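Participant: Look at TrEMBL and you will find 5-104, 134-260 tagged as domain 'EamA'. The transmembrane segment annotation in TrEMBL covers 30-50, 62-80, 133-152, 164-183, 189-211, 223-243, 249-267.
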Amino acid sequence: MVPAPLLVLTAAICTQTGQAFGKQLSGDIGAGGVVALRLGFAALLLLVWFRPKLPDRRQLPWIFALGTAVAGMNLVYPAMRYLPVGVASTIQLLGPLTVGLLGSRRLPDLGAAVVAGAGVWLLNDPAGGPLPWPGLLLAALSAVAMGSYLVLSRKVAMLTGGPSGLAWGVAFAAVLGTPTGLLAQPVDWAPGVLLAGAAVATITAVLPYTLEQSALRRIGAGPVGVLLSLEPAVAAVAGLLVLDEQLSAIRWLGLGCVSAVAAWTATSSRRARAPAEPPANA
């Protein structure tokens with residue numbers, strides 16, 4: 001049996017490497033085209049895999065809200081037109097990190113928030129060149145969407161009793177994001193482009209979900225959260241290997257600060273996640 005920590009690390013590598021290849025693909029079909037193909041194929045794969053029942057009227061508003069959040073998370077792809085993959089991933093992580101720290105009055109958690117803020121400040125290393133504001137804004141919006149996704153996914157999982165809510169949420173995200181992406185830049189429907197889109201959807205959404213859910217059942221949310229805090233570092237390495245994106249030492253330090261706070265939040269939180277809760281990479 002594959003060790004659970006290895007499953008989580010594999011999921012992180014899949015997510016971030018897939019995002020790096022998605023950024024590379026955006027050079028051919030645009031960020032909107034990548035989002036359209038990713039959401040379209042992810043929705044199709046999840047609906048076929050889970051075969052969910054039709055949601056009832058009580059579930060629909062929450063599923064629509066979840067789908068809107070999923071669509072918003074994909075703003076990280078246009079953000080990566082301006083930012084290195086590692087920086088965009090780190091900023092996006094601030095969304096769930098804020099959810100974890102929000103409302104806490106404990107001194108250690110407040111200190112963790114200060115460290116995370118310092119990490120973000122270090123990311124904008126003047127020596128490495130100031131980060132473009134359009135990229136920062138898009139990454140910040142994806143962070144808000146990712147934080148909202150975590151809150152909404154819990155509610156939807158409770159209402160639907162399983163992953164069916166995620167499947168319908170991603171389907172609604174595809175309804176929102178696919179036409180918008182195609183209008184932004186028409187996609188060349190060549191077989192190679194479609195295959196690349198299906199691969200990005202599988203590597204960044206479907207496969208990580210399967211691996212993380214298997215790990216959650218075996219070691220719980222706390223250890224999984226700690227391991228997932230390594231995603232910014234994995235993203236930076238993926239950006240380096242796939243796209244030759246170089247980060248300054250200061251930005252690596254900022255990335256490390258945010259990852260450390262994410263690990264702290266995962267270990268210190270007393271609010272256990274439900275085993276059926278979807279991971280934050282849909």
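The backbone N, Cα and C atoms fix where each Cβ goes, glycine too.
TrEMBL labels come from automatic prediction, so no person has curated them.
On this model, are these features tucked inside or out on the surface, and what's nearby?
Facilitator: Broken down with DSSP, the domain 'EamA' (5-104) shows 81 helix, 0 strand, 19 coil.
As a whole-number mean, the pLDDT of the domain 'EamA' (134-260) in this prediction is 86.
Tertiary neighbourhood of the transmembrane segment (30-50): same-chain residues 22-23, 70-71, 74, 77-78, 80-81, 162-164, 166-167, 170-171, 173-174, 177-187, 193-194, 196-198, 200-202, 204-206, 282, selected by CB-CB distance under 8 Å and a gap of 6+ residues from either end.
Sequence-distant contacts of the transmembrane segment (133-152) (same chain, six or more residues past either end, CB-CB distance under 8 Å): 62, 65-66, 68-76, 78-83, 87-88, 91-96, 98-99, 124, 169, 280, 282.
Residues of the same chain lying 6 or more positions beyond the ends of the transmembrane segment (189-211) and with a Cβ under 8 Å from any Cβ of it are 7-8, 10-12, 14-15, 17-19, 21-22, 25, 28-29, 34, 36-42, 45-46, 49, 163, 166, 170, 278-279, 281-282.
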Participant: For the transmembrane segment (164-183), which stretch among 62-80, 223-243, 249-267 has the most Cβ pairs under 8 A?
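Facilitator: Selected stretch: 62-80, with the most Cβ pairs under 8 Å.
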Participant: Please spell out the DSSP helix, strand and coil residue counts for the domain 'EamA' (134-260).
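Facilitator: Residue counts in helix, strand and coil order: 110 helix, 0 strand, 17 coil.
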